[in-house]
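Here is the structure we will look at.
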């Protein structure tokens, strides 16, 4: 359902408000470059600093602009189960193809708590759900056994975005539930994950170079592993620089350097340190993206 390349969209700001003009251009560029779908209101989209109203507006705007062109997998997670249900219901109402639900952050629930959180959302709203495991942000790992239990007991939980960084964990999930849609949440691990049965990536770097990320996945799908490996290593330096500071600071800085939108962030995210900015500029020039 959500195979291929999905872009974890940045949320452009101007004067501290969502810049919908720039947003529309970003979405159109993704469509023209051949991605399969977009993911608004995720980690890269600065969802924690969007107001409830903005969160809803961004999701609805993306559905409106992407309709008939590509799928929308909206971020609707929260550390409050009730709030996650609210955003998921909004996504269903406005016509999203599915939702990406991050594990609750800060609360540090047990595995039982995680199971009940996701199951309650799935039982309340009938929409395809992709779990989002990113323990580095949330402080809690969704264990493979919990993923398997949710997949077995909730017909609309169809996949997991894996950003644990552990191929062991990803392999364990696929072993327990071979039919689950296993999606990379880390650009550096897209090719390795594809090789063990993954179906695609929710990419940060595809905000900047969607064509190349699409090429990587399609080349692997065609069976040309040698060429896919070449693309992987070509992209790797840029992938690493996307995390030279906390995401989405680097990717927004790059988007600004390329004239796509402003580099404005909302506190506590802040402007990139100048030495890191210079490293980004050099990498973009080396890659031929900046003169």
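Yeah, the Cβs are placed from backbone N, Cα and C, and that goes for glycine too.
Features of the protein shown, as given by Swiss-Prot:
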- 43: site 'Part of a proton relay during catalysis' (SITE)
- 44, 202: pyruvate binding site (BINDING)
- 106: site 'Part of a proton relay during catalysis' (SITE)
- 132: active site, proton donor/acceptor (ACT_SITE)
- 161: active site, schiff-base intermediate with substrate (ACT_SITE)
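Location within the structure of each feature annotated in Swiss-Prot.
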residue: 43; record: site 'Part of a proton relay during catalysis'; contacts (Cβ under 8 Å, 6+ apart): 8, 75, 102, 134, 137, 247, 248
residue: 44; record: pyruvate binding site; contacts (Cβ under 8 Å, 6+ apart): 8, 9, 10, 204, 207, 247, 248, 251
residue: 106; record: site 'Part of a proton relay during catalysis'; contacts (Cβ under 8 Å, 6+ apart): 79, 138, 139
residue: 132; record: active site, proton donor/acceptor; contacts (Cβ under 8 Å, 6+ apart): 42, 75, 77, 100, 101, 102, 103, 160, 161, 163, 185
residue: 202; record: pyruvate binding site; contacts (Cβ under 8 Å, 6+ apart): 6, 7, 8, 39, 42, 73, 100, 161, 183, 184, 185
Per DSSP, three-state class assigned to residue 132 (active site, proton donor/acceptor)
strand
Look up residue 43 (site 'Part of a proton relay during catalysis') in the DSSP assignment and reduce it to helix, strand or coil.
coil
If you count Cβ atoms within 10 Å of the Cβ of the residue listed as 'active site, schiff-base intermediate with substrate', leaving out that atom itself, what do you get?
27
Local backbone state of residue 106 (site 'Part of a proton relay during catalysis'), from DSSP in three classes:
coil
